[in-house]
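The block underneath contains the structure these notes are about, expressed in structure tokens.
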């Protein structure tokens, strides 16, 4: 039996997941445009459009429509696109590209942020602070465009687009664009955690006992700083996944970002929800883990 605390955390984050998807569904419903007209074209009859709306539950009241979709999603059926394809197949074909992009960025952030943060804390160099502040405040979209302008168009070192590319170099710019803001944030978190531990009484006592700097850092500073660093990296996993949707649009990567953009433009209700569900679910899971860690600390 799960403890009351676990049940409460799961229930709260589960409610957040449902509320977020419900808000997306309602927003999609309120947007101007007709999905049936978009799918069937201008030459379809009104009877054909009405039949498509009925088949996809577009002619029902919004609570009924969303409830029908949510009931199917729980059973693994995320609905059908306006063009008759199962949403799960469309999302399944695009999801690996998004996961690859977010996964590569997460590896970079996880490996470099603790190192940069530790060096920053040990050296006290102020230039790290200025660089991290600028990168943290810069959206992934702006970073991506800047990288394309410099490394693809001006220097011509790397490809600007990734559609159909089989060369691994096509991933460099999008991965770096996605990783840089989160690398800056996690570096700042690691710096703060390490700097705080360097001022701790037990570290000063270890130095007085004659331990070398390396042993003090590995035995006393790093273990105490790790909870803050790993907690930040956990949140970063969800943020990288959602950020990948933005970066994909700049580099023409056929991932969930393109699917969502096309679905919103075409007013494809089920496809919008089905494509956003993995991102919202991952973020809810990360928040659950963060809640568990915070309550165990």
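Keep in mind that glycine also has a Cβ here, set from the backbone N, Cα and C atoms.
All TrEMBL annotations are machine predictions without curation.
Given the ranges 51-74, 75-98, 99-122, the record in TrEMBL names 99-122 as transmembrane segment. Among the residue ranges 2-23, 24-45, 134-155, the one that TrEMBL annotates as transmembrane segment is 134-155.
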